[in-house]
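Here TrEMBL flags 12-35, 91-109, 121-139, 145-171, 178-198, 204-221, 228-247, 290-308, 329-353, 373-392, 404-427 as transmembrane segment.
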Amino acid sequence: MPDTHPSPWRRAAIQVIAGVVTVVAAAQLAVMAYLGRFVRPTSDDWCALWKTRDMGIFGITEDFYQTQNGRIANAFISGLVNADGVVGMKLFPAFLVGAMGLGLVLLLREIWLLLGWRVQWLMFAAIATVVEVLLFIAAKNPYQALLWAPATISHTLPIAIGVWTIALGLWAGRSGPAWLRGFALVVVLLAGFCVGTLNEPFVIVGGLAAGTVGLLVVPWFRQVRGWYPFVWCVAACAGMLTGYAVLYTSPGAQWRRAQNTAAQPLLSADNLSGSYHDWLRVLDILSSEWTYLAAIAIGVAAGLLVAPRDRAETEDRAAEGESEARRPARWALIAAFLLPIPLLLLGSFVIILGVRQGYGPTGWSYYRTWFSFVAPMVFTLAAYGVLAGRALRKAMDARRGTTALTAALVTAVLTAGVAIVGVVSLVPRVETLHDVAATRAASWDKQDSRIRRQAAEGATVVKYKPLNIGNLAEPFYTSNYSKDWVAACAATWYGVDRLKRLR
């Protein structure tokens, strides 16, 4: 029988292991959030700034729908972020770190309770912080993954929205009254519409996941009690598809597609072949990033230290209105274990196919678009780690005695150590990013003051020195000034007619 009443020393060991991991990972995240103070406008920021200032939040939303790309939720949030100039883009990274972390902790709580395990808050924090470190710092381009608002609004924020929406859905289904389940259905419908007009790649991955889970939880298969899980998945898919339909049929999206006259048909042989080879490059890059093993490691540590809830605790929660989950059939468990891998492979390929269609042969190198499948990949690695740790613990418990418990704790310490090593190995990336961002911020502030002073004195042409960061476009990214949209937006922001390159 598994030990449902952990001894004080064992609980202390769990707290120490989880606490050390949390402190190390949270320190990295704190530094990344702090780097937000060095964020300054670049690339799309210039356009978002002047449009928000001159058009207002609803004006930039209409502009995106009518003339840009149809991403109305994206435009609305961009307006909110840029409503007070550069202040919002400085604070947004800290908001994302906090929102993603808290959402993951709450989601883990719901998953643990669904599986009949004892809640372990500090362990949830350890998993969440390690996962965030991998998402934001181990990314191919950390600046775009967390610090550049146009990318984080389009690709990072939808993941956070998805995490919170799933956590709410599980909570409502587990313990909520009928009105709360109805509220959760409305929320997932609206959230689906929102992400559908935020980011096309997320619609692909989210739609595949929600559709597959929906098929598994159809009540006819007798894996769940009632229709709520199935209806929730249907609402998620309906929201995302409706949002994407609004985006795709918008005048802005139609105009944008019309500009890409060189694009081959999406399913043409050349496009499929090129996308396949691009996809293999992406898989090679991701598989060579060994720090993702930290997700598996912290998952194994958590699985080893899981404690089932005792009967009395389960009965108390049932008395409070929580529903007891039906034990899934073996085929359902096997499907739940095996399906994430093919779904991730399929979703990532479709995304690469789409970005090649939209951006050409170099579309695969727009690393920010990877976030929609890298995040689920990291979540899946952590989940597999938990399952592996749980299986190891059951094998150890079969031996009984203190030896099994000691072996579990030692193994948990070792795997947690692997997670810490993975997190710490990313410190040089943070240091480099800090140096680059701080240096650029100082240069940008000095140049900004000069340009504003010259504009106030009546200058219509001012000199600007490109300050590149994160592989993003700056004014004069092209030698043809008439096609330099970045320079045009920067000039409009400063209230001058033209920028002249300062060498």
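Cβ from N, Cα, C; glycine included.
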Result, the transmembrane segment (329-353) in contact with the transmembrane segment (204-221) (3+ CB pairs under 8 Å): yes
Long-range Cβ neighbours of the transmembrane segment (91-109) (under 8 Å; 6 or more residues past either end): 29, 32-36, 39, 81, 119, 121, 124-125, 127-129, 131-132, 135-136, 146-147, 149, 152, 156-157, 159-160, 163-164, 166-167, 170-171
Cβ-Cβ under 8 Å with the transmembrane segment (290-308): same-chain residues at least 6 beyond its ends: 2-4, 6, 14, 17-18, 21, 112, 116-118, 120, 123, 126-127, 130-131, 133-134, 138, 377-378, 381-393, 408-409, 411-413, 415-416, 418-419, 421-423, 425-426
Tertiary contacts of the transmembrane segment (121-139) (same chain, 6+ residues out, Cβ under 8 Å): 14-15, 17-19, 21-22, 25-26, 28-29, 32, 97, 100-101, 104-105, 108-109, 112, 145-146, 156, 159, 289, 291-292, 294-295, 298-299, 301-302, 305, 367, 370-371, 374-375, 378-379, 382, 416, 419, 422-423, 426, 429-430
For the transmembrane segment (373-392), distant same-chain residues with Cβ under 8 A (at least six beyond the ends): 127, 130-131, 134-135, 139, 159, 201, 205, 209, 286, 292-293, 295-306, 337, 340-341, 344, 347-348, 351, 408, 411-412, 415
Of 178-198, 228-247, 404-427, whichever stretch has the most CB pairs under 8 A to the transmembrane segment (12-35): 404-427
